[in-house]
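Here is what Swiss-Prot says about this protein:
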type: REPEAT; residues: 25-54; note: repeat 'ANK 1'
type: REPEAT; residues: 59-88; note: repeat 'ANK 2'
type: REPEAT; residues: 92-124; note: repeat 'ANK 3'
type: REPEAT; residues: 125-156; note: repeat 'ANK 4'
type: REPEAT; residues: 160-189; note: repeat 'ANK 5'
type: REPEAT; residues: 193-222; note: repeat 'ANK 6'
type: REPEAT; residues: 229-259; note: repeat 'ANK 7'
type: REPEAT; residues: 263-292; note: repeat 'ANK 8'
type: REPEAT; residues: 296-325; note: repeat 'ANK 9'
type: COMPBIAS; residues: 354-372; note: compositional bias 'Basic and acidic residues'
type: REGION; residues: 354-377; note: region 'Disordered'
type: REGION; residues: 455-491; note: region 'Disordered'
type: MOD_RES; residues: Ser474; note: phosphoserine
type: REGION; residues: 522-626; note: region 'Disordered'
type: COMPBIAS; residues: 604-614; note: compositional bias 'Basic and acidic residues'
type: COMPBIAS; residues: 616-626; note: compositional bias 'Polar residues'
Amino acid sequence: MRQATMDFSTSSVFDQHKGDSSEEVDLAMVYQAASNGDVNSLTSVIREDPSILECCDSEGCTPLMHAVSGRQVDTVKLLLKMGANINTQDAYGRTSLCLATYLGWLEGCVSLLRNGAKHNIPDKNGRLPLHAATAEPDVRLLIVLLQQSSLSEINHQDTEGMTPLHWAAFHNRPQHTQMLLKKGADPTLVDKDFKTALHWAVQSGNRILCSIILSHRQGPSIINYDDESGKTCVHIAAASGFGDIINDLAKVPECNLQALDVDDRTPLHWAAASGKAECVQSLLDLGMDSNLRDINESTPLAYALYCGHTACVRLLSREGRAEPARPLPSQNSQPQKKEGRFSMLNQIFCKNKKEEQKAHQKDQSRARPKEEETSEVNDIIATFDSVVDTNCQGQPGDQVDMVVFKKRTSENSKYLLPEKKSLARKGLPPIRTQSLPPITLGGHFLTASQGAVSHAGLNAGPQHTAQRSQKSRSEQDLLNNRTGCPVSLENPWKGDTRQVFSCKAWTVSSSDKLLDRLFAGQPGHQELSGPPHLPHLHNPSSGQALQHLSPNRPKIRDLPFTRNSLAPLPDQKFLSGEPLRTNRVLPAIPSQRGHDPSPAGESQRGHDPPRAEESGGSSSPTHDEN
């Protein structure tokens with residue numbers, strides 16, 4: 001009997017794996033040949049198996065898309081002639097025309113359009129090739145697409161509410177903006193953050209771009225539009241240090257230079273807190289009232305003093321000698337929420353919360369009989385004095401004047417100054433606090449920390465952190481240097497609200513004494529103390545600005561750009577070196593609304609470098625066209 005032996009002659013499995021391997025090699029060869037323009041090899045392979053024309057790689061790209069990525073116009077024409085589908089979409093929803101537009105390949109776009117490519121197919125971000133064309137410096141590509149586009153496509157909004165006009169202003173493209181407006185683009189449309197194209201133009205710092213939008217027949221009507229945080233174009237220009245743009249905006253009769261944001265801060269408050277002396281001077285020359293107070297009862301001079309901006313203090317002190325500015329309320333006796341490295345700025349812009357006192361006051365008011373109204377009002381006065389200042393001690397015992405900030409519900413009323421109303425005997429009304437808006441300080445836009453909203457219910461309600469829109473959150477997520485910071489500071493939005501630290505803030509003294517100390521080179525406030533990882537304020541020497549923090553403070557991360565990258569395939573190998581880069585960092589002012597932030601929404605908008613690289617700093621874009 002023969003011994004059983006293994007028969008290696010049966011090679012069906014081997015042949016099957018060999019066939020699969022050769023098929024993979026063939027596809028790789030096809031993609032490589034398409035990218036390199038190897039027409040002969042590509043033709044021979046496709047003739048053997050025409051179905052290869054519709055084969056897709058892991059990113060959903062066909063050989064035609066690879067030919068577009070390699071800018072091989074002859075290969076594109078050959079593949080189309082052999083029957084390739086010109087409107088196939090990849091894994092990101094992009095067609096071959098969309099890819100060619102992202103790459104700024106004018107010749108390829110013309111060839112695809114002549115062969116029947118559709119220009120109205122949006123990708124998964126809702127963007128048309130028209131959106132992508134705004135990132136290309138050559139305006140001819142946009143002109144070619146505009147010739148094929150309808151008015152609805154010109155005003156098409158992507159998933160972030162951005163129209164091609166928004167993107168043109170975002171990319172600082174005056175010629176593109178002019179062409180879009182000429183073809184019927186609507187400048188009154190707002191994105192999800194209620195920003196118009198004029199907001200983006202002002203943040204770019206380009207006077208020519210701003211003048212193009214303002215010269216449109218609808219331009220003056222949007223000059224007072226405020227975004228979701230209540231900031232108008234003048235606020236943005238003041239915070240960014242664009243004094244020349246402020247002067248241009250002021251020439252429009254409809255411009256309101258004293259518009260109030262959600263924290264009742266004027267552009268002068270922002271310019272003073274940011275240390276923009278040129279903007280402070282421009283606003284004062286334009287007749288801006290330097291004695292207006294925000295929700296914290298602080299004037300622009302108080303912010304300039306606290307931040308140590310000597311030049312701004314000199315300008316504002318000459319204007320406000322008639323009514324001295326009161327220093328910020330002392331916060332020595334109350335615990336403060338841990339805010340990471342931004343705690344110093346939160347002392348400037350966040351209202352000190354007195355929830356323990358209010359809860360105690362509520363319990364006392366409920367326990368007392370209704371006949372003791374006079375005693376209840378006295379408690380309210382005492383609490384109000386400890387929260388705001390000592391200015392109300394001279395008020396009559398039966399009422400206290402409080403500032404009631406009305407909700408801005410119409411275009412005519414949202415810019416009115418706060419009205420004074422007497423307090424009814426119903427207890428202390430809730431103190432509205434907002435999250436810290438970032439200010440341009442020391443060449444960086446500092447990300448805002450969130451403040452808690454105080455509620456006047458029976459119990460001290462839970463703190464609700466402000467929700468930022470997806471677009472506003474992305475303005476803080478795409479950081480270039482996400483490492484190198486202490487663990488406790490990696491995500492200041494998720495800090496433990498129960499963790500507190502003691503701090504020493506301003507000593508209550510008159511504004512004149514503070515001015516004398518500042519000009520005499522003496523320290524104007526006490527040193528801010530906190531945990532070792534927090535920044536410290538040191539006593540300023542003569543002529544030094546208080547904005548300089550401790551040399552041992554953590555390095556402030558460069559602010560990322562705010563918008564989703566228009567690069568079509570940021571991770572695809574065959575587009576290495578080719579992805580389109582957005583190149584402006586917007587001086588972002590995040591949302592301050594009191595909603596719960598969604599961690600799932602902290603998605604990145606792209607992987608592009610900050611646009612501040614071309615703008616000369618992370619705080620403001622450049623004047624490319626100046």
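The backbone N, Cα and C atoms fix where each Cβ goes, and this holds for glycine too.
DSSP labels the residues of the repeat 'ANK 6' (193-222) in these numbers: 19 helix, 0 strand, 11 coil. If you look at the repeat 'ANK 1' (25-54), the same-chain residues 6 or more away from its ends with a CB under 8 A from one of its CBs are 61-64, 66-67, 69-70, 72, 74-75, 78-79, 82-85, 88, 574.
Over the repeat 'ANK 5' (160-189) the predicted model carries a mean pLDDT of 96.
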